[in-house]
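Peer 1: Right, I'll just put the structure down here and ask away after.
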Amino acid sequence: MSTIKFLRSSTHNALRSSLGWCRLAASRPRYDYDLVVLGGGSAGLACAKEAAGCGARVLCFDYVKPTPVGTKWGIGGTCVNVGCIPKKLMHQASLLGEAVHEAVAYGWNVDDTNIRPDWRKLVRSVQNHIKSVNWVTRVDLRDKKVEYVNSMATFRDSHTIEYVAMPGAEHRQVTSEYVVVAVGGRPRYPDIPGAVELGITSDDIFSYEREPGRTLVVGAGYVGLECACFLKGLGYEPTVMVRSIVLRGFDRQMSELLAAMMTERGIPFLGTTIPKAVERQADGRLLVRYRNTTTQMDGSDVFDTVLWAIGRKGLIEDLNLDAAGVKTHDDKIVVDAAEATSVPHIFAVGDIIYGRPELTPVAILSGRLLARRLFAGSTQLMDYADVATTVFTPLEYSCVGMSEETAIELRGADNIEVFHGYYKPTEFFIPQKSVRHCYLKAVAEVSGDQKILGLHYIGPVAGEVIQGFAAALKTGLTVKTLLNTVGIHPTTAEEFTRLSITKRSGRDPTPASCCS
C-alpha cells in the first residue's frame with residue numbers, strides 16, 4: 001500500500017471508529033480499558049485526562065529510565081522535569097543577575113561588584129518546584145479518575161500491554177480497545193570514547209549537584225544555545241561547539257543574529273568542529289579532543305563539564321512495537337493526520353511521532369483533540385502549521401510561520417516581500433545595553449493584501465510578543481492590517497506595527513531614536 005493510501009485509509013478508519021465509540025461503549029467490558037496511554041508526559045497526560053473526562057476507562061503508564069549519571073524524575077515528562085519549566089527558571093535566574101547590574105544605573109543602591117549565584121541553592125529551588133508539580137499531577141490524575149502505574153510497559157500484541165508492577169514481581173497484562181503511545185524522547189550521545197561515561201545532557205544539568213564551571217556545550221540547536229546562555233548569565237564559562245550551523249531549521253538571518261549576540265556577550269563558538277574523545281585528567285577535569293572539519297586540524301581543550309545537545313531520539317526500543325505491527329521511521333512512529341499509526345486502533349502523540357514539531361503546547365493540544373475524536377465524537381484534527389516557538393536566550397528569538405528561506409523556496413523570491421527593522425527598547429537606554437541585535441521582520445506575499453507568511457523577532461520577552469501575533473497570523477493577517485493597527489507605546493511589540501521598510505527597497509532599517 002502506498003504512503004498516500006495508508007494515510008487516507010487510516011485517517012478515515014480512525015475518524016469512523018471515534019464516531020462509533022459511544023455506540024459501542026455499551027458492549028463493555030470486551031477489554032479491560034477503553035484507553036491505555038504509554039507515557040506520562042505532556043501529550044500522554046493531556047490525552048488520558050481528556051479521555052477520562054469523556055467517560056472512558058483510562059490507564060496511564062509512565063516510567064523514567066535513569067540517565068547514565070543516575071538522574072531520574074517523576075511524572076510529567078520532559079517539559080516539567082528536564083525541559084521547558086526548569087529551563088525557563090534557569091533563564092529567569094540568569095536574567096535577574098543581569099538586572100541587578102542594571103538596577104544601579106536606575107538609581108538603586110546595590111553593590112553589583114560581587115554578584116554571584118549560589119548554584120546549589122538555585123538547583124534546590126528548581127527541583128523543589130518540579131517535585132511540587134509532580135505531586136499536583138498525581139493528584140490531578142486521581143481526581144480525574146485516570147489509573148496510573150509507574151512501570152515500563154510493552155506491547156504483547158496490538159490490544160495487550162504487559163508490565164511489571166515492581167522489580168522482581170510477575171509480569172502482568174491488560175487489554176485495551178485503544179492504545180496511545182506518548183513516550184517522548186531523550187537526548188542523544190555521540191558515539192565517541194568517554195561521551196556517555198563523562199558527559200551530561202539537558203536531562204542532568206537542572207539537577208546537577210556541582211557547579212558546572214567551564215562548560216563545553218556540544219550542539220547549536222535551541223537546547224544547546226539556551227543552556228550556554230543561562231550558564232553564561234549565571235557566571236560560568238560556556239563554549240559552544242557547532243558541527244555546521246546554529247539553529248538548523250530556523251530562519252538563517254535570525255539564527256546568525258542570535259549567534260552574534262551570544263558572541264558579543266562573551267560566549268565563544270568552535271565552528272565546523274566535531275568532538276573526537278573525552279578523557280578524565282588526574283585533576284578530575286575533562287580533556288576534550290576535537291577536529292575542525294573545515295581545516296582538518298585537530299585540537300583539544302580542558303573543561304569542567306561537557307554537555308551534549310546534539311539532538312534527541314524517540315524512546316521506541318523498549319516498546320516491542322513489532323508485536324503490535326506499528327511501523328516506525330528511524331526512531332519515531334509514523335502517523336497520519338489523525339495521529340493513527342499503521343494499526344488503526346493504536347495512536348501516537350507528542351515527540352515520539354515522526355515529522356511533527358517537538359513542542360509541549362503541540363503535544364498537549366494534539367493529545368486532547370485525539371481523546372475527543374476517540375471518545376466524544378469530534379472530527380477536529382490537529383493543525384500543525386504555523387506553530388509559534390521561542391528560543392530563550394538573553395535576547396529571546398521567537399517566530400511563527402515561514403522562515404524567509406522557506407517562503408522564497410515555496411513562493412519564489414519575486415513573490416515575497418520582507419519588511420524589517422532594527423529597534424531600540426526604551427528600557428535599554430539608561431543601563432546602556434546593546435541594541436545591536438534587536439531586530440524583527442515580517443515575511444509577506446508581494447501582491448494583493450500582502451498576506452503575512454512569517455513573523456520573526458529578536459529582543460526582550462519574545463515569547464510574550466509573538467504569542468498574540470501568532471493568533472493573528474493563523475487568521476490571515478496582512479501587512480495592511482498590521483500597519484493599520486495602533487501599537488501600545490512604549491513597547492517592543494509595537495515595532496511590528498511600524499514595519500515600513502522592505503529589504504527590496506535597500507533603505508537603512510536602523511531607527512534614529514526609540515520613537516522614530
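Our numbering is plain: 1 for the first residue shown, then up by one each step along the chain.
The backbone N, Cα and C atoms fix where each Cβ goes, and this holds for glycine too.
Per Swiss-Prot, active site, proton acceptor is recorded for HIS489, and the stated evidence type is similarity to another entry. Sequence annotations record features per position, and here Swiss-Prot assigns FAD binding site to 62-79 based on similarity to another entry. Annotation comment: Swiss-Prot describes CYS79-CYS84 as disulfide bond, evidence class similarity to another entry.
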Peer 1: Give me the long-range Cβ neighbours of PRO68 (FAD binding site): same chain, 6+ apart, Cβ under 8 Å, in sequence order.
Peer 2: TYR189, VAL196, GLU197
Peer 1: Nearest by CA distance to ASP62 (FAD binding site): which of the recorded positions is it, out of CYS79, CYS84, HIS489?
Peer 2: CYS79
Peer 1: Taking the Cβ of GLY74 (FAD binding site) as the centre, how many other Cβ atoms fall within a 10 Å radius?
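Peer 2: Its Cβ shell of radius 10 Å holds 18 other Cβ atoms.
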Peer 1: Quick one: give me the count of other CB atoms within 10 A of the CB of LYS65 (FAD binding site).
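Peer 2: Its Cβ has 9 other Cβ atoms within 10 Å.
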Peer 1: Tally every other Cβ atom lying within 10 Å of the Cβ atom of THR71 (FAD binding site).
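Peer 2: Here the count is 18.
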Peer 1: Quick check for the class: what is the C-alpha distance, in angstrom and rounded, between the residue listed as 'active site, proton acceptor' and THR71 (FAD binding site)?
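Peer 2: Rounded to a whole number, the Cα-Cα distance is 46 Å.
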Peer 1: Could you tell me the C-alpha distance between GLY74 (FAD binding site) and CYS84 (disulfide bond) in angstrom, no decimals?
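Peer 2: About 15 Å separates the two Cα atoms.
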Peer 1: State which of the following disulfide-bonded residues has the fewest other Cβ atoms within 10 Å around its Cβ: CYS79, CYS84.
Peer 2: CYS84
Peer 1: Give me the Cα-Cα distance between CYS84 (disulfide bond) and GLY77 (FAD binding site), rounded to a whole Å.
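Peer 2: Approximately 10 Å lies between the Cα of CYS84 (disulfide bond) and that of GLY77 (FAD binding site).
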Peer 1: Within 10 angstroms of the C-beta of HIS489 (active site, proton acceptor), what count of other C-beta atoms is obtained when all protein chains are considered?
Peer 2: 11
Peer 1: Could you tell me the C-alpha distance between CYS79 (disulfide bond) and THR71 (FAD binding site) in angstrom, no decimals?
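Peer 2: The Cα atom of CYS79 (disulfide bond) is 15 Å away from the Cα atom of THR71 (FAD binding site).
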Peer 1: Enter the number of other CB atoms within 10 angstroms of the CB of GLY77 (FAD binding site).
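Peer 2: Looking across every protein chain shown, the total is 28.
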